[in-house]
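The following features are taken from TrEMBL:
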DOMAIN    10-163  domain 'FAD/NAD(P)-binding'
DOMAIN    247-369  domain 'FAD/NAD(P)-binding'
DOMAIN    397-464  domain 'NADH-rubredoxin oxidoreductase C-terminal'
SIGNAL    1-23  signal peptide
Amino acid sequence: MSTGCPFFTFVIVGGGIAGVTCAEQIASQFASDDVCLLTASPLVKTVTNFKQVSKTLEEFDVEEQPSSVLEEKYPNLKVIQSAVKLLRAKEHLLQAENGQTFHYKKLCICSGARPKLLTQDNPHVLGIRDTDSAQEFQKRLSKAKRIVVIGNGGIALELVYEVEGCEVIWAVKDRAIGNTFFDAGAAQFLIPSLEVDKKERSLPCKRARYTTDKTGAGQSGATGELGSALGPDWHEGIELRGTEQNSSGVHIEYECEVDKIYTQQEFLQSQLDTNKSELGLWPAYVQLTNGKIYGCDFVVSATGVVPNTDPFLSGNNFELAGDHGLRVDDHMRTSEQDVYAAGDVCTAGWEPSALWQQMRLWTQARQMGWYAARCMAADVLEEPIELDFCFELFSHITKFFNYKVVLLGKFNAQGLGQDHELLVRCTKGQEYVKVVLTGGRMVGAVLIGETDLEETFENLILNQMDLSRYGEELLNPNIDIEDYFD
Ligand code: FAD
């Protein structure tokens, strides 16, 4: 070890949910060891009001706080604001952008992910990731009459629902909206919500808001690109309004992607076989793969994320997964010795339970951060540790279009091929319930609305009871299903 550089038993990189959860857990378990949280962002994200809703479902709020809050709580935890520039894994050494070098015994990388942009460096294309980019979006939206949203995941879903006073052209590559979370039936259930006038939309959202930086400092790190990912309700407290008084229509283009984005000048000079004057004069034009062209003020690219692995790869031997995440085993260990990873930056490389899949979500970031800390501890203490129960069953609770949404197990029959059966119950504007059965056993469910079925269904999925004899009665609204299975 070279002299002069600080040594920490544990170094955690990243001040998002995964990193902070990991750092808190390890700092409280090893109160006499030095722990360092190295993060690019000036604020850290902490979990508050954690509530275990059922065996696997959890809800919590996230607060962005100054790092001093963590240091006060854990005297052995030092938070350093600087981005990691280089890792030399063999030497157990990290170099930060502020010029400091750190030695560690165990390292956990929780550097999150960034939006996968349609094109890099195109001023007409925006990605939404952190508070800064959300604010930039708000600023540009306030001057916009029409935007094009590309992508079909959670961010796109929230966005098209929240934007007011601006026409939205929404291009999705699938046959239904929200393909990451829903099937076509659930999409049909949700679509009328897009047509309801914003003022008439129901009850305010119950979920907590972000506390934002009261000092006025930006959220991103020195490079301007390394802020923490937002989470549910990222749009709360930010008015997403365009220039128009009334028009807030959403027009959906299905089964298409972006072919090309033109600047105004490129468009006007192009040889495109279209009536240019009919399309009007816009700052940008988007040509879709279905041949249609739309003029717009700007494009929002919400087409997924790429793990932030760049500063860690050079000179090291990390095994990367197909999605470019750091592949981790069932102890959250990467392929480099004493280097663990958790949250959006990693890809679960173990053989998953038949009812779980990784999705880059807030809940999984917390669970992985917490479990990675326990794995590091078990390693140091030479104790055995088993894969945590939270990886037994995929479960996620959120809100889309102001409906409560619970997703359990193989909620979209992921990986089941034809070998499954679906039962659906739907009351327009109220609830949508879908269960996925295979061999008469429940393996997944989508619950939209106040169904109150999550706990019962979670139990039925976990205990894998044979439900064949109940048939469609399983979703009969006149039967109190809980009594049924008591
Ligand atoms: P992050 O929160 O991204 O944190 C990464 C941290 O690493 C940051 O502090 C960053 O500054 C730091 N960092 C990065 N590089 C370096 C470096 N080189 N050196 C030092 N520090 C570094 N999930 C849900 O469950 N529900 C939702 O409704 C939902 N909505 C979302 C909406 C938006 C707009 C976005 C962008 C994401 C949403 N997500 C949602 C996903 C969720 O926010 C992420 O899965 C989660 O925040 C990941 O946490 P993380 O700790 O792994 O990474």
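Using the three backbone atoms N, Cα and C, a Cβ is placed for every residue, glycine included.
Sequence-distant neighbours of the signal peptide (1-23) (same chain, 6+ residues past either end, Cβ-Cβ under 8 Å): 30, 33-41, 43-47, 62, 67, 70, 74, 77-79, 84, 92-94, 100-112, 228-229, 231, 342-345, 362, 365-366, 368-370, 372-373, 376, 380. Across the range of the domain 'NADH-rubredoxin oxidoreductase C-terminal' (397-464), the DSSP-based residue counts are 10 helix, 34 strand, 24 coil. When the domain 'FAD/NAD(P)-binding' (247-369) is classified with DSSP, helix, strand and coil residues number 25 helix, 38 strand, 60 coil. Note on the domain 'FAD/NAD(P)-binding' (10-163): its mean pLDDT in the predicted model is 92.
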